[in-house]
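Per Swiss-Prot, the features are as follows:
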- R66, T67, R116, H144, Q147, G272, P273: carbamoyl phosphate binding site (BINDING)
- K94, R177, R231: L-aspartate binding site (BINDING)
Amino acid sequence: MTPALKSTFVLAHRHLLGIEGLSAADITGLLDLSEEYVELNRQVDKKRASLRGRTQVNLFFEASTRTQSSFEIAGKRLGADVMNMSVSSSSMRKGETLMDTAVTLNAMHPDILVVRHHASGAVELLARKVDGSVINAGDGAHEHPTQALLDALTIRRNKGRLEGLVVAICGDVMHSRVARSNILLLNTMGARVRVVAPSTLLPRGIERMGVEVARDMREGLDGADIVMMLRLQRERMNGSFVPSSGEYFHYFGLDQKKLAYAKPDALVMHPGPMNRGVEIDSIVADGAQSVIREQVEMGVAVRMAVLEALARNLPNA
(Lines of atoms letter the chains of each structure in order from A and count residues from 1; the text may use other names and numbers.)
(Lines give C-alpha, C1' and ligand atoms only; values in the text may rest on other atoms or scores of the structure.)
Protein backbone atom coordinates (compact mmCIF):
# COMPACT_ATOMS: atom_id res chain seq x y z
CA MET A 1 0.00 0.00 0.00
CA THR A 2 1.32 3.43 -0.98
CA PRO A 3 1.99 5.55 2.13
CA ALA A 4 0.21 8.88 2.56
CA LEU A 5 2.07 12.01 1.51
CA LYS A 6 3.50 14.15 4.29
CA SER A 7 3.05 17.38 2.34
CA THR A 8 -0.40 18.96 2.43
CA PHE A 9 0.63 21.81 0.13
CA VAL A 10 -2.12 23.25 -2.06
CA LEU A 11 -1.25 25.65 -4.87
CA ALA A 12 -3.31 28.77 -4.26
CA HIS A 13 -3.84 29.27 -7.98
CA ARG A 14 -6.29 27.61 -10.35
CA HIS A 15 -3.68 27.35 -13.10
CA LEU A 16 0.09 27.15 -13.41
CA LEU A 17 0.77 29.54 -16.27
CA GLY A 18 4.25 30.63 -15.25
CA ILE A 19 6.74 31.15 -12.46
CA GLU A 20 5.79 34.81 -12.46
CA GLY A 21 3.25 35.24 -9.69
CA LEU A 22 4.53 32.35 -7.57
CA SER A 23 5.92 33.22 -4.15
CA ALA A 24 8.99 31.67 -2.55
CA ALA A 25 6.57 29.71 -0.34
CA ASP A 26 4.74 28.38 -3.42
CA ILE A 27 8.00 27.27 -5.00
CA THR A 28 9.25 25.66 -1.79
CA GLY A 29 5.91 23.88 -1.32
CA LEU A 30 6.05 22.43 -4.83
CA LEU A 31 9.68 21.36 -4.43
CA ASP A 32 8.97 19.69 -1.07
CA LEU A 33 6.03 17.80 -2.57
CA SER A 34 8.21 16.84 -5.55
CA GLU A 35 10.77 15.32 -3.17
CA GLU A 36 8.14 12.85 -2.00
CA TYR A 37 7.40 11.86 -5.57
CA VAL A 38 11.09 11.32 -6.31
CA GLU A 39 11.07 8.66 -3.61
CA LEU A 40 7.76 7.16 -4.77
CA ASN A 41 9.03 6.91 -8.36
CA ARG A 42 11.99 4.84 -7.18
CA GLN A 43 9.68 2.22 -5.65
CA VAL A 44 8.25 -0.83 -7.42
CA ASP A 45 4.71 0.50 -6.90
CA LYS A 46 4.71 4.04 -8.29
CA LYS A 47 0.95 4.57 -8.27
CA ARG A 48 -1.24 6.95 -6.30
CA ALA A 49 -4.94 7.61 -6.68
CA SER A 50 -4.85 11.41 -6.34
CA LEU A 51 -6.32 11.96 -9.82
CA ARG A 52 -8.55 8.87 -10.02
CA GLY A 53 -11.68 9.81 -11.94
CA ARG A 54 -10.05 12.96 -13.33
CA THR A 55 -9.37 13.61 -17.01
CA GLN A 56 -6.07 15.13 -18.12
CA VAL A 57 -5.71 16.34 -21.71
CA ASN A 58 -2.22 16.98 -23.07
CA LEU A 59 -2.67 19.52 -25.86
CA PHE A 60 0.60 20.13 -27.69
CA PHE A 61 0.71 22.54 -30.63
CA GLU A 62 4.49 22.10 -30.74
CA ALA A 63 6.17 18.72 -30.96
CA SER A 64 7.73 17.50 -27.73
CA THR A 65 9.04 14.13 -26.64
CA ARG A 66 10.34 14.70 -23.11
CA THR A 67 7.75 17.13 -21.78
CA GLN A 68 4.69 15.40 -23.21
CA SER A 69 5.78 11.90 -22.17
CA SER A 70 6.78 13.22 -18.73
CA PHE A 71 3.32 14.74 -18.18
CA GLU A 72 1.67 11.56 -19.49
CA ILE A 73 3.63 9.35 -17.09
CA ALA A 74 2.95 11.78 -14.23
CA GLY A 75 -0.80 11.81 -14.84
CA LYS A 76 -1.06 8.03 -15.21
CA ARG A 77 0.92 7.39 -12.04
CA LEU A 78 -1.59 9.59 -10.21
CA GLY A 79 -4.50 7.62 -11.65
CA ALA A 80 -5.80 10.16 -14.18
CA ASP A 81 -7.38 9.28 -17.51
CA VAL A 82 -4.81 10.85 -19.83
CA MET A 83 -5.51 11.83 -23.43
CA ASN A 84 -2.79 13.10 -25.77
CA MET A 85 -4.27 15.36 -28.43
CA SER A 86 -2.25 15.44 -31.64
CA VAL A 87 -2.65 18.82 -33.29
CA SER A 88 -1.39 17.47 -36.62
CA SER A 89 -4.53 15.32 -36.83
CA SER A 90 -6.92 17.77 -35.18
CA SER A 91 -9.37 20.41 -36.33
CA MET A 92 -6.70 23.08 -35.89
CA ARG A 93 -5.23 21.83 -39.17
CA LYS A 94 -8.62 22.46 -40.77
CA GLY A 95 -8.80 26.12 -39.77
CA GLU A 96 -10.29 25.91 -36.27
CA THR A 97 -9.05 28.72 -34.03
CA LEU A 98 -7.41 28.29 -30.64
CA MET A 99 -10.55 29.64 -28.97
CA ASP A 100 -12.77 27.21 -30.90
CA THR A 101 -10.56 24.38 -29.70
CA ALA A 102 -10.77 25.65 -26.11
CA VAL A 103 -14.57 25.84 -26.21
CA THR A 104 -14.83 22.39 -27.80
CA LEU A 105 -12.53 20.80 -25.24
CA ASN A 106 -14.29 22.56 -22.38
CA ALA A 107 -17.56 20.95 -23.46
CA MET A 108 -15.91 17.58 -22.72
CA HIS A 109 -15.27 18.67 -19.10
CA PRO A 110 -11.55 17.91 -18.74
CA ASP A 111 -10.23 18.53 -15.24
CA ILE A 112 -6.69 19.48 -16.26
CA LEU A 113 -5.30 20.73 -19.57
CA VAL A 114 -1.55 20.60 -20.19
CA VAL A 115 -0.85 22.97 -23.07
CA ARG A 116 2.18 23.79 -25.19
CA HIS A 117 1.90 26.44 -27.91
CA HIS A 118 4.33 28.22 -30.22
CA ALA A 119 2.86 31.67 -29.46
CA SER A 120 3.68 33.54 -26.25
CA GLY A 121 0.53 34.17 -24.22
CA ALA A 122 -1.59 31.58 -26.03
CA VAL A 123 -1.83 29.30 -22.99
CA GLU A 124 -3.08 32.12 -20.77
CA LEU A 125 -5.67 33.03 -23.41
CA LEU A 126 -6.90 29.44 -23.54
CA ALA A 127 -7.06 29.27 -19.73
CA ARG A 128 -9.67 32.04 -19.74
CA LYS A 129 -12.03 29.89 -21.79
CA VAL A 130 -12.00 26.62 -19.85
CA ASP A 131 -13.37 25.54 -16.49
CA GLY A 132 -10.58 23.15 -15.54
CA SER A 133 -7.02 23.86 -14.46
CA VAL A 134 -4.41 24.69 -17.11
CA ILE A 135 -0.69 23.97 -16.92
CA ASN A 136 1.65 25.83 -19.24
CA ALA A 137 4.02 23.29 -20.81
CA GLY A 138 5.78 26.07 -22.73
CA ASP A 139 4.44 29.04 -24.69
CA GLY A 140 6.68 30.59 -27.32
CA ALA A 141 9.67 32.34 -25.76
CA HIS A 142 7.59 33.31 -22.71
CA GLU A 143 7.61 30.67 -19.94
CA HIS A 144 8.12 26.98 -19.17
CA PRO A 145 7.37 26.77 -15.43
CA THR A 146 7.73 23.04 -14.84
CA GLN A 147 11.19 23.07 -16.46
CA ALA A 148 12.33 25.78 -14.03
CA LEU A 149 10.87 23.82 -11.12
CA LEU A 150 12.61 20.59 -12.10
CA ASP A 151 15.86 22.50 -12.57
CA ALA A 152 15.45 24.00 -9.10
CA LEU A 153 14.74 20.58 -7.61
CA THR A 154 17.85 19.14 -9.27
CA ILE A 155 19.98 21.98 -7.92
CA ARG A 156 18.52 21.80 -4.41
CA ARG A 157 19.04 18.03 -4.17
CA ASN A 158 22.68 18.37 -5.20
CA LYS A 159 23.62 21.63 -3.46
CA GLY A 160 21.21 21.62 -0.54
CA ARG A 161 19.93 25.11 -1.30
CA LEU A 162 19.22 27.70 -3.97
CA GLU A 163 19.89 30.88 -2.02
CA GLY A 164 23.32 32.39 -2.63
CA LEU A 165 24.31 30.11 -5.50
CA VAL A 166 25.81 31.60 -8.67
CA VAL A 167 23.93 30.26 -11.69
CA ALA A 168 25.28 30.94 -15.18
CA ILE A 169 22.65 30.55 -17.92
CA CYS A 170 24.51 30.31 -21.22
CA GLY A 171 23.45 30.39 -24.84
CA ASP A 172 20.34 31.43 -26.73
CA VAL A 173 18.75 33.50 -23.98
CA MET A 174 16.73 35.60 -26.43
CA HIS A 175 14.54 32.77 -27.69
CA SER A 176 14.45 30.70 -24.49
CA ARG A 177 11.35 30.32 -22.32
CA VAL A 178 13.48 28.09 -20.08
CA ALA A 179 15.85 30.99 -19.40
CA ARG A 180 13.01 33.35 -18.51
CA SER A 181 11.31 30.93 -16.11
CA ASN A 182 14.61 30.01 -14.48
CA ILE A 183 15.58 33.66 -14.01
CA LEU A 184 12.24 34.38 -12.34
CA LEU A 185 12.47 31.36 -10.04
CA LEU A 186 16.13 31.73 -9.11
CA ASN A 187 15.74 35.43 -8.33
CA THR A 188 12.71 34.67 -6.15
CA MET A 189 14.71 32.05 -4.25
CA GLY A 190 17.73 34.29 -3.67
CA ALA A 191 20.22 32.90 -6.18
CA ARG A 192 22.59 35.12 -8.16
CA VAL A 193 21.86 34.78 -11.87
CA ARG A 194 24.26 35.53 -14.69
CA VAL A 195 23.35 35.24 -18.38
CA VAL A 196 26.14 34.49 -20.85
CA ALA A 197 25.66 34.94 -24.59
CA PRO A 198 26.77 36.90 -27.64
CA SER A 199 24.98 40.24 -27.96
CA THR A 200 22.83 38.89 -30.80
CA LEU A 201 21.29 36.30 -28.46
CA LEU A 202 20.59 38.62 -25.51
CA PRO A 203 17.18 40.31 -25.23
CA ARG A 204 17.35 44.08 -25.03
CA GLY A 205 17.03 45.23 -21.42
CA ILE A 206 17.67 41.77 -19.95
CA GLU A 207 19.40 43.49 -17.01
CA ARG A 208 15.99 44.68 -15.83
CA MET A 209 15.19 41.07 -14.89
CA GLY A 210 17.80 41.32 -12.15
CA VAL A 211 20.61 39.41 -13.83
CA GLU A 212 24.28 40.03 -14.47
CA VAL A 213 25.33 39.97 -18.13
CA ALA A 214 28.52 38.48 -19.56
CA ARG A 215 29.46 38.27 -23.23
CA ASP A 216 32.20 35.66 -22.99
CA MET A 217 32.44 32.32 -21.21
CA ARG A 218 35.51 33.09 -19.09
CA GLU A 219 33.77 36.04 -17.43
CA GLY A 220 30.39 34.32 -17.33
CA LEU A 221 31.49 31.06 -15.75
CA ASP A 222 33.94 32.54 -13.26
CA GLY A 223 32.99 31.19 -9.82
CA ALA A 224 29.72 29.64 -11.04
CA ASP A 225 28.07 26.91 -8.94
CA ILE A 226 25.74 25.94 -11.78
CA VAL A 227 26.35 26.05 -15.53
CA MET A 228 23.05 25.82 -17.39
CA MET A 229 23.42 25.50 -21.15
CA LEU A 230 20.70 26.41 -23.66
CA ARG A 231 20.36 25.15 -27.21
CA LEU A 232 20.30 27.38 -30.26
CA GLN A 233 16.60 27.61 -31.15
CA ARG A 234 16.91 28.02 -34.90
CA GLU A 235 13.19 27.37 -35.38
CA ARG A 236 12.48 30.71 -33.63
CA MET A 237 15.16 32.66 -35.47
CA ASN A 238 14.31 34.92 -38.39
CA GLY A 239 17.72 35.48 -39.91
CA SER A 240 21.25 34.71 -38.83
CA PHE A 241 22.08 35.23 -35.15
CA VAL A 242 25.40 33.35 -35.21
CA PRO A 243 27.95 33.00 -38.05
CA SER A 244 28.09 29.19 -37.91
CA SER A 245 27.63 26.31 -35.49
CA GLY A 246 31.37 25.68 -35.42
CA GLU A 247 32.25 29.27 -34.60
CA TYR A 248 29.50 29.40 -31.97
CA PHE A 249 30.90 26.31 -30.26
CA HIS A 250 34.41 27.75 -30.34
CA TYR A 251 33.34 30.80 -28.33
CA PHE A 252 30.23 29.70 -26.41
CA GLY A 253 30.08 25.90 -26.49
CA LEU A 254 30.79 24.22 -23.16
CA ASP A 255 33.89 22.04 -23.21
CA GLN A 256 36.29 20.96 -20.46
CA LYS A 257 38.47 24.03 -20.89
CA LYS A 258 35.58 26.47 -20.42
CA LEU A 259 34.04 24.42 -17.60
CA ALA A 260 37.29 24.89 -15.68
CA TYR A 261 36.40 28.59 -15.30
CA ALA A 262 33.54 27.55 -12.98
CA LYS A 263 33.91 26.13 -9.48
CA PRO A 264 35.46 22.63 -9.35
CA ASP A 265 32.18 21.16 -8.09
CA ALA A 266 29.94 23.09 -10.50
CA LEU A 267 26.93 21.24 -11.88
CA VAL A 268 26.33 21.07 -15.64
CA MET A 269 22.69 21.29 -16.73
CA HIS A 270 20.76 21.35 -20.01
CA PRO A 271 16.97 21.34 -20.54
CA GLY A 272 17.25 19.27 -23.74
CA PRO A 273 17.25 18.50 -26.50
CA MET A 274 21.03 18.88 -26.69
CA ASN A 275 22.92 19.87 -29.82
CA ARG A 276 26.17 18.07 -29.09
CA GLY A 277 29.12 19.89 -30.57
CA VAL A 278 27.14 23.14 -30.82
CA GLU A 279 26.38 24.34 -27.28
CA ILE A 280 27.91 21.45 -25.34
CA ASP A 281 30.65 18.87 -25.81
CA SER A 282 29.76 15.20 -25.35
CA ILE A 283 32.56 14.69 -22.83
CA VAL A 284 31.05 17.38 -20.60
CA ALA A 285 27.42 16.36 -21.23
CA ASP A 286 28.18 12.80 -20.15
CA GLY A 287 30.80 13.70 -17.53
CA ALA A 288 30.89 13.46 -13.75
CA GLN A 289 29.63 17.02 -13.22
CA SER A 290 26.61 16.59 -15.48
CA VAL A 291 23.15 16.19 -13.91
CA ILE A 292 21.33 16.25 -17.25
CA ARG A 293 19.87 12.74 -16.85
CA GLU A 294 18.84 13.56 -13.29
CA GLN A 295 16.89 16.54 -14.64
CA VAL A 296 14.76 14.13 -16.69
CA GLU A 297 14.02 12.04 -13.58
CA MET A 298 13.12 15.16 -11.58
CA GLY A 299 10.76 16.22 -14.37
CA VAL A 300 8.32 13.38 -13.70
CA ALA A 301 8.32 14.05 -9.94
CA VAL A 302 7.78 17.79 -10.39
CA ARG A 303 4.92 17.28 -12.82
CA MET A 304 3.28 14.82 -10.44
CA ALA A 305 3.60 17.43 -7.68
CA VAL A 306 2.09 20.18 -9.85
CA LEU A 307 -0.81 17.94 -10.89
CA GLU A 308 -1.38 16.93 -7.25
CA ALA A 309 -1.21 20.52 -5.96
CA LEU A 310 -3.70 21.73 -8.57
CA ALA A 311 -5.99 18.71 -8.15
CA ARG A 312 -6.36 19.51 -4.46
CA ASN A 313 -8.09 22.72 -5.57
CA LEU A 314 -10.50 21.04 -7.97
CA PRO A 315 -14.20 20.76 -7.04
CA ASN A 316 -14.94 17.71 -4.86
CA ALA A 317 -11.21 17.14 -4.33
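Each Cβ is built from the backbone N, Cα and C atoms, and glycine gets one as well.
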Between T67 (carbamoyl phosphate binding site) and R231 (L-aspartate binding site), how many Å separate their Cα atoms?
16
Can you list the residues of the same chain, besides R66, T67, R116, H144, Q147, G272, P273, whose Cβ falls within 8 Å of the carbamoyl phosphate site's Cβ centroid?
S64, A137, G138, V178, P271
Can you check which residues sit near R177 (L-aspartate binding site), meaning Cβ under 8 Å from its Cβ, same chain, 6 or more apart in sequence, and list them in order?
G138, D139, G140, A141, H142, E143, H144, Q147
Taking R66, T67, R116, H144, Q147, G272, P273 as the record's carbamoyl phosphate-binding set, what's the max Cα pairwise distance in Å, rounded to a whole number?
16
Of these binding-site residues, R66, R116, H144, which scores lowest on Cβ atoms within 10 Å?
R66
For R231 (L-aspartate binding site), which of the listed binding-site residues (R66, R116, G272, P273) have their CA atom within 10 A of its CA?
G272, P273
Using CB atoms and a 10 A radius, I'd like the single residue among the binding-site residues G272, P273 with the highest neighbour count.
G272
Within 10 Å of the Cβ of T67 (carbamoyl phosphate binding site), how many other Cβ atoms can be counted across all chains shown?
22
If we count other C-beta atoms within 10 Å, could you say which of the binding-site residues Q147, R231 has the fewest?
R231
According to DSSP, folded down to helix, strand and coil, what is R116 (carbamoyl phosphate binding site)?
strand
